[in-house]
Amino acid sequence: MPQSLPDTTPPKRRFRWPTGMPQLAALLLVLLVDSLVAPHFWQVVLQDGRLFGSPIDILNRAAPVALLAIGMTLVIATGGIDLSVGAVMAIAGATTAAMTVAGFSLPIVLLSALGTGILAGLWNGILVAILKIQPFVATLILMVAGRGVAQLITSGQIVTFNSPDLSWFGSGSLLFLPTPVIIAVLTLLLFWLLTRKTALGMFIEAVGINIRAAKNAGVNTRIIVMLTYVLSGLCAAIAGIIVAADIRGADANNAGLWLELDAILAVVIGGGSLMGG
């Protein structure tokens, strides 16, 4: 019997969008609709050494969420999640306002506020990496209790302050752009260098893909996981300082409320996998 020849036709390749293209296309569509609804949407003016306009306002208001998303990206890359970043924002903001009112110098205020974020991240990291509590539950603890801590710092009051130097971090400008935008861009650049030009990024991805294999390969998985939560807490503290400086006060109940969901959504839309890696 004649034998059939094997099919040598090369398999058809499925079309795949380049990384980030669907998200970019959706963003361009939204901006197009905005420009049609509001003809002056793209109008930007320079006044008193600063740019003003709808695009600038969007970037300015997105800066705190962008900072949260930067830290959240590292946590999610390890297969975890951080639900406490909104509460950490409130704690850092409360610390900033309370210490400013108490008369402490600006460097001490900033270092103390950043320190609260680092301590909060370390707490989450210990619960997840050392005590092996599920990240959802571990960070939910601080998400709930964190606002109580912020209330204790402010004695249950909305604390306001008048410090032009501190307010510059929230409502000032640098190089014609709002200060929060500059801070977010610099933070993004720093974290990009940290994860792409050092071994840290590879270790984080290895932990997220297969933590057991990473451990067998000699990676100190506990330190890596803890470090990601510490960096997430640090980013949340920076965002908290910006928000407190912008409104010149601290509201423990509303500062950063539900922004953890925005940060998680930003990471997922940006291409991050909730499964890690």
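Counting starts with 1 at the first residue shown.
For all residues, glycine too, the Cβ spot is worked out from N, Cα and C.
Listed in TrEMBL for this protein:
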- 20-42: transmembrane segment (TRANSMEM)
- 63-92: transmembrane segment (TRANSMEM)
- 104-123: transmembrane segment (TRANSMEM)
- 135-154: transmembrane segment (TRANSMEM)
- 174-194: transmembrane segment (TRANSMEM)
- 223-245: transmembrane segment (TRANSMEM)
- 257-276: transmembrane segment (TRANSMEM)
Interface check, the transmembrane segment (223-245) with the transmembrane segment (20-42), three or more C-beta pairs under 8 A: no
Dominant neighbour of the transmembrane segment (257-276) in 20-42, 63-92, 104-123, 174-194, by Cβ pairs under 8 Å: 63-92
Winner by Cβ pairs under 8 Å against the transmembrane segment (174-194), considering only 20-42, 63-92, 104-123: 63-92
Distal contacts, the transmembrane segment (20-42) - CB-CB under 8 A, six or more residues away: 53-55, 269-271
